[in-house]
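Each remark here refers to the structure printed beneath this line.
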Amino acid sequence: ECRYWLGGCSAGQTCCKHLVCSRRHGWCVWDGTFS
């Protein structure tokens, strides 16, 4: 199960497509990609 946008995340969790875990904030943010 992937983590949705602004969902809490840690290094061991995978965010959903086009999202990346923000180390600074500790939640999933958009990684800037569309494809």
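Note that Cβ sites are derived from N, Cα and C of the backbone, with glycine treated the same way.
In Swiss-Prot, the cysteine linked to C21 by a disulfide bond, out of C2, C9, is C9. Candidates considered were C2, C15. The record in Swiss-Prot pairs C28 in a disulfide bond with C15.
Sequence-distant neighbours of C21 (disulfide bond) (same chain, 6+ apart, CB under 8 A from its CB) are R3, C9, S10, A11, Q13, C15, W27, C28, V29. There are 22 other Cβ atoms within 10 Å of the Cβ belonging to C9 (disulfide bond). A 10 Å radius around the C-alpha of D31 (site 'Pharmacophore for Nav1.7/SCN9A') takes in these recorded positions out of C2, L6, L19, in sequence order: L19. The separation of L19 (site 'Pharmacophore for Nav1.7/SCN9A') from C2 (disulfide bond), Cα to Cα, is 10 Å.
Most Cβ neighbours within 10 Å, among the disulfide-bonded residues C2, C15, C16, C28: C28 holds that distinction in the structure as shown.
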